[in-house]
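Swiss-Prot has this to say about the protein:
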type     : residues : note
ACT_SITE : 102      : active site, proton donor/acceptor
ACT_SITE : 165      : active site, schiff-base intermediate with acetaldehyde
ACT_SITE : 199      : active site, proton donor/acceptor
């Protein structure tokens, strides 16, 4: 197997296959669940709006892939600084049956100099999650500056985040290798690689993109680190490219680019 094919197979099994569009329907989510089951293995998870969790759970069970995790989003996509609403949404997501919650960090508050609200929001959302995985989206493409990206990453980790995630996919600039490096370096420098993972989201579209991101993680945190409890790709159009790279052709087309 070529290096690119090996990276494509690895990336496929680390995907949070995503649809977070205003026109999502039960039918689209059912199709997403079908796409998560491929001839070369399943994606790690699907990522959907909370209201679709019951139909997704049913579909994954019926197609024999109950191990595919269901991630959902809260405080999404704007990252407001209302802790009460973020926590209420997170509790509702857990009640719906989410396996993982991707919450948006109040990044604009941090840009305005408020570090406390972000810490408290993440801390309380993690308390609401209990053992359920909490990924925190810091919106790197809006923070832009290295100091802010690293500060947001540190705050999330100190507050109990299980993963730090680049982006919502809803702003002009989403994951970039530069932003990924900054966040991975925080995980390394804080000595939390055993318990904190990383998720680039939005803009990872090809096997070559995925291979470069994985090579960076291997370089910074070691070649064994990026397993499915420490690394995810938030993407949709990536899956088709990975399957094409792996020469798998009988897969349904997946949702709009993320």
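Cβ atoms here come from the backbone N, Cα and C positions, even for glycine.
The residue listed as 'active site, schiff-base intermediate with acetaldehyde' and residue 102 (active site, proton donor/acceptor) are 8 Å apart (CA-CA, integer value). Annotation for residue 165 (active site, schiff-base intermediate with acetaldehyde): spatial neighbours 102, 135, 136, 137, 138, 198, 199, 200, 201, 232, 234, criterion Cβ-Cβ under 8 Å with sequence separation of six or more. DSSP assigns residue 102 (active site, proton donor/acceptor) to a strand segment in the three-state reduction. A simple way to gauge crowding: the CB of residue 102 (active site, proton donor/acceptor) has 29 other CB atoms within 10 angstroms, across all the protein chains here.
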